[in-house]
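Straight from TrEMBL, the features:
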- 40-59: transmembrane segment (TRANSMEM)
- 71-92: transmembrane segment (TRANSMEM)
- 104-124: transmembrane segment (TRANSMEM)
- 144-161: transmembrane segment (TRANSMEM)
- 168-189: transmembrane segment (TRANSMEM)
- 201-220: transmembrane segment (TRANSMEM)
Amino acid sequence: MTMFHFFNCAILTFGPHAVYYSATPLSECDTLGTSVKAALVYLGTALVKLVCLATFLQVSENDGFDPYQELLKALIGFIDVAGLYFALTQLTHRNISQNHKFQAVGLGWAFADSVLHRLAPLWVGARGLEFTWDYILQGLEANANLVLSISLAALGSLIWLRKNKPKTLIPIIYACAGIVATMPSITSYPRRGLGWHFPKVVGFELFTSLVMAFISWQLFSACQRPYAALLSPMKFRLPSSFVV
């Protein structure tokens with residue numbers, strides 16, 4: 001029974017990554033190498049973040065919300081943005097479109113994050129004799145992180161790779177990218193400042209990830225249109241590359 005619970009939680013945590021890859025054009029375009037490279041960049045970025053967190057953050061005696069500490073965490077979290085910039089612009093990719101590139105990078109980024117932060121707790125805790133919902137909730141949290149990672153990669157591709165963006169959308173794109181990049185600090189406030197329980201925090205993360213994904217889709221759709229059409233009132237539609 002314990003191994004059955006472990007496999008269920010593992011499938012919930014890592015299965016959506018495989019489903020996304022196989023159910024989208026990513027598998028047809030053979031973008032696995034791009035995802036692997038992005039995962040390796042994430043591991044390097046996580047190491048730099050770990051060093052910065054250990055250097056600049058103080059060990060808190062209580063588990064309350066400290067605005068100064070969370071601000072430092074948010075600033076250090078922008079190292080992820082630098083890592084995504086490197087993965088999107090500096091790595092050599094196969095001859096794939098911009099649509100497939102950012103999805104492959106975001107998928108590899110999210111998978112590496114799940115392996116690094118959730119595989120060991122699953123292996124140690126989900127095989128315990130006592131049943132707990134925590135690891136199922138961690139799987140749902142990994143799904144929210146998958147959506148946010150692909151959304152941030154989409155916004156990054158608009159910032160760094162798309163040159164003919166309408167000027168009216170540029171501030172919105174930067175603002176959304178900043179929100180997604182600082183999402184760990186944003187979700188830390190309900191958890192520590194408001195005292196929300198883990199299920200409520202996960203529900204908040206799922207909701208905000210879907211909202212940010214929807215906004216990212218709309219912005220990407222608007223920037224995909226010819227420049228002349230951008231001068232007219234925008235009618236948003238979902239790009240075909242996002243359809244699973």
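Each Cβ is built from the backbone N, Cα and C atoms, and glycine gets one as well.
Where the transmembrane segment (40-59) meets the stretches 71-92, 104-124, 144-161, 168-189, the count of C-beta pairs under 8 angstroms peaks at 71-92. Relative to the transmembrane segment (144-161), the listed stretch 201-220 leads the set 71-92, 104-124, 168-189, 201-220 in CB pairs under 8 A.
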